[in-house]
Amino acid sequence: MDPKLGRMAASLLAVLLLLEGGMFSSHSLPPALLEKVFQYIDLHQDEFVQTLKEWVAIESDSVQPVPRFRQELFRMMAVAADTLQRLGAHVTSVDMGSQQLPDGQSLPIPPVILAELGNDPTKGTVCFYGHLDVQPADQGNGWLTDPYVLTEVDGKLYGRGATDNKGPVLAWINAVSAFRALEQDLPVNIKFIIEGMEEAGSVALEELVEKEKNRFFSGVDYIVISDNLWISQRKPAITYGTRGNSYFMVEVKCRDQDFHSGTFGGILHEPMADLVALLGSLVDSSGHILVPGIYDEVAPLTEEEINTYKAIHLDLEEYRNSSRVEKFLFDTKEEILMHLWRYPSLSIHGIEGAFDEPGAKTVIPGQVIGKFSIRLVPHMNVSVVEKQVTRHLEDVFSKRNSSNKMVVSMTLGLHPWIANINDTQYLAAKRAIRTVFGTEPDMIRDGSTIPIAKMFQEIVHKSVVLIPLGAVDDGEHSQNEKINRWNYIEGTKLFAAFFLEMAQLH
């Protein structure tokens, strides 16, 4: 954006805030301060993009357990800690020990940053959670640009971690820096908890949060996370719920070695045939889960909830085209949103031990493991789902009269999370979005699982809100991940306005 245009937009917004007799009149923010902050952000946006470029250049991959990437993770956390210290924050880098891997090697876990800015007892205290580790990325694997060189094309900033989660973390820091640079008091006390192992399961983080709940978190009033996406390309959103996840493995074994199909085909109970039958018994062609009792504890649908879905902006044609899918299972916006967010889903992920390479190999696998997961919703219980799935698979397997052995195991069990959208910070986030974007936000849930939200809610007992900055097409975890410059810069303004709204509402 041209700096002059930025100043004009900020000035116009300030005037509108003064004149608006409706939604802004009862709580108008200080227009002069708002104008100054927004102008500063517009004028310094190239610097903010440059900092994001420097952060993206650090290959902070936590998924691949190799020393080089761990060194990069430690470097990333050190850069972030230094950035916060230069803002005047009191920073503690907590030693998280080491991680024992299945192959016997041990790798150090990058430190978790705990930082504090301000301790005024008359102000509210907002804690921001973010992570600076990323998924693996290789230019030879479908990337159009070097994933670790932030590249701007038509206002899109391509690079691994740009939207997940380095961009949003920096947007929060940028918002703080705007107040600092203008020598303005921060409207709220701010704390940071930033980790480097989120993509690898947030190793040891829960223990740290438990340990710090009566120390670092004792004065925290609200927790903000920005680690997901909008449901559209241009309309902002607030996220108030996520699905949980139960991940299962079902193993069918005849023997340790594979068989030749010419020698043994026709005289065995083949493990693959058993497994395909088991996996095929889990879900029907309409997406309905066939495990008995699985829907019993799903929260009933209310009229108020239906109206929430109706109010959400979702262009089904655009959504389908951007997903590159010919047809969804459902035809209406409301049905699609409900089946993404408030109903469970079952997905089959793969088969370990099967022949999956190019060519024709006439092998009968002696042992195979099927992998599938169920996305859980309120009020489903992980342990109940585990029993239901195990019982169902045992019933199906027994009817096959197979001589093979079957073992079912649940390797991951994460509960769903849902928040009270009437909490103070939800109102503050809505008002800040109106101020920056001039529209009401979509109130959305996320069909995926963000365990940290549930963890904070259960351990710290504070209100948690997810304020995403990225557009639906940002491609987190995928090739050509990006964040739009517009989302990054307007997102920085959003967080600045959020600070001011929280100060008024606290």
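Using N, Cα and C of the backbone, Cβ positions are placed for all residues, glycine too.
Per TrEMBL, signal peptide is recorded for 1-28.
TrEMBL lists His131, Asp164, Asp227 with the feature Mn(2+) 2 binding site. Asp227 (Mn(2+) 2 binding site) counts 24 other C-beta atoms within 10 Å of its own C-beta, drawing on all protein chains shown.
Neighbour density for Asp133 (active site): within 10 A of its CB lie 25 other CB atoms from the protein chains shown. Taken from TrEMBL, the feature active site applies to Asp133.
Here the Cβ of Glu198 (active site, proton acceptor) has 23 other Cβ atoms within 10 Å, regardless of which shown protein chain they belong to. The active site, proton acceptor feature in TrEMBL is assigned to Glu198.
Per-residue confidence over the domain 'Peptidase M20 dimerisation' (249-398) averages 95 (mean pLDDT, predicted model). As annotated by TrEMBL, domain 'Peptidase M20 dimerisation' applies to 249-398.
For His260 (site 'Important for catalytic activity'), the Cβ neighbour count at a 10 Å cut-off comes to 10, with all displayed protein chains included. Positions annotated as site 'Important for catalytic activity' by TrEMBL: His260.
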(message) Going by DSSP assignments with H, G and I as helix and E and B as strand, what are the residue counts for the domain 'Peptidase M20 dimerisation' (249-398)?
(response) 57 helix, 29 strand, 64 coil
(request) To the nearest whole angstrom, state the Cα distance for the pair His260 (site 'Important for catalytic activity') and Asp227 (Mn(2+) 2 binding site). (result) 49
(request) Looking only at C-alpha atoms, tell me how far Asp133 (active site) is from Glu198 (active site, proton acceptor), rounded to the nearest Å. (result) 7
(request) Using the centroid of the Cβ atoms of His131, Asp164, Asp227 as reference, list every other same-chain residue with Cβ within 8 Å of it (recorded Mn(2+) 2 site), in sequence order. (result) Gly130, Asn165, Pro168, Val169, Glu198, Glu199, Ser226, Glu476
(request) Across all the protein chains here, work out how many other Cβ atoms are within 10 Å of the Cβ of Asp164 (Mn(2+) 2 binding site). (result) 25
(message) On a C-alpha basis, identify the one among His131, Asp164, Asp227 that is nearest to Glu198 (active site, proton acceptor); the candidates are the binding-site residues.
(response) His131
(request) Can you check which residues sit near His131 (Mn(2+) 2 binding site), meaning Cβ under 8 Å from its Cβ, same chain, 6 or more apart in sequence, and list them in order? (result) Asn165, Val169, Ile194, Glu195, Gly196, Met197, Glu198, Glu199, Ser202, Asp227
